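Colleague: I have a structure here, written as structure tokens, and I will follow up with some questions on it.
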Amino acid sequence: MPPRQCIADELNNLSLSESLLSSNERLREEEENDDDDDETTTNERQEVPRNITFVLLYTWFAFSGRGVWNQNCLATLVFLLRDGDPKSIGFITAAMGISQLCVSIPTGILADKYRRDILLKIGAFFGAAACGATIYAALHPGYLLLVGALILWGIHWGIVNTAITALFSDSIPDGERSFYFTRRAIIINFGNMCGPAIALIMFAVLGDKWTVKDCSMVLLAGNVLSLPGIILLCFLSDDLGEIENDGLEDNSNAIRTAVTHQDETYNEERLAKALCCLPGKRIVPILVATSDIISGLASGMSIRYFAIFLYDNLGLSPVAVQIIYMMNSILQVGFRRQAQRLAGTYGRCRVTVCMKWIGILLMISMVVSYKLGLPRSVVCIVLILRTSFMNSPQSLTKSILMDNVPKEERGKWASLESVNMFSWSGSAALGGILVERKGILFNFCFTAVLQLIATGPLLLLGFFVDKEDETISTSLNQPSESGNDEEEEEEDDEE
């Protein structure tokens, strides 16, 4: 080979090696930058505002206490007090829902105009009164006393649930709401798991039988456990949320690029054309809220009667029922985490719809399994899986709603939770009538049909705005030239 050719080959090899080295260095730098970004994200999440910590602590105490007495013990106690009348369970639940509705809507309006921490202190007062009334009703068992106590609980939840959801949302930066809403939902599951565990221990000590006296004692213990959470409400503050979250909101808003904003506007326009009867800026929250309300109607018809199904139809003891409710909560923790991971890839609406469809199929399978006379263990396993699939994606829909409404309207939209509770409670009365006339299995099948209808709005929404970075909150929070004129238009839209 000529010397010149050898020199040329060596030069080519050197240039190739240099390019490979430079590309490797670039890859190394990109990996280091990615690691730095991950560490930054982790550090940002470690600096959790105190409001978030207080809300999560309140959530654990509140749902641990409710898990002791409000999941299956209350329904069974009313069933025993009223000599097996299913309508009484629905009516007492409806009384609680009506009281919650009556205070939640005014609370939502006040929460957007005045300080939310003042409303939470008022809610804490009614919570303490509700605890006292329920403890008295447990010591002197009576149906009317329980109705009065649950009305007070409805007022407490109507005020607190509305104000605390708005304050919690304000304390979380954009783009991270599904993370923290999922964490709160997981804590709710842990609370719902601890509640039946405490009830299990109490029933085991008391004799593992369904009696008015034993159910009353469990009711009393659950209300005592709820008191620390009510006290924590007094330590929440609007100032903490505003001061500590300002920097996080600025950073998260700065990350959103003009391209993302164009995508949001494009998705909003496509959805507005598909649903020309709805106002453009309200399409996403309206569809999510509609789905939640229909789903609440469906769930309310049956949720109080699962405990009666386990006790009266399957003949399970109190300890066995508590184990089933504990398994529900344990599975939901894992399912919620998996739902959040899948939502990042496939979209929150699509994941929610798929999980609810699986839950509906399992509901029908549970009814068929019971009718075919399969072992009780099979029926119980199907019921546990059904409950876990149906309840796991709730935090995803809530985060979609809060991502797509401006900060100054979150109180009003948060009050929809109480409207959900009313629909849930009102349909419990309808469920009681259906159970009396058609039977508990017919009630479960009717619930499944309504839950299928409830997935329709989310299915439609999934084709347009579905991922967490594709929210309309940025466009809603942009300052406008028209100012007061736009606010008046928004009020007209709500009316």
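Placement of Cβ uses the backbone N, Cα and C atoms for every residue, glycine included.
Bear in mind that TrEMBL entries carry predicted annotations, made automatically and left uncurated.
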Colleague: According to TrEMBL, which stretch among 369-390, 413-434 corresponds to the feature transmembrane segment?
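Modeller: When 369-390, 413-434 are checked in TrEMBL, transmembrane segment belongs to 413-434.
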Colleague: May I ask whether the transmembrane segment (440-465) has at least three C-beta pairs under 8 Å with the transmembrane segment (52-69), counting pairs 6 or more apart in sequence?
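Modeller: Counting Cβ pairs under 8 Å (6 or more apart in sequence), the transmembrane segment (52-69) does not reach the transmembrane segment (440-465), since there are fewer than 3.
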Colleague: Answer with yes or no whether the transmembrane segment (185-206) touches the transmembrane segment (283-308) by the criterion of at least three Cβ pairs under 8 A, sequence separation 6 or more.
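Modeller: They do not touch: fewer than three Cβ pairs between the two stretches lie under 8 Å.
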Colleague: Test the contact criterion for the transmembrane segment (314-335) and the transmembrane segment (185-206): 3 or more CB pairs under 8 Å, pairs 6 or more apart in sequence, then answer yes or no.
Modeller: yes
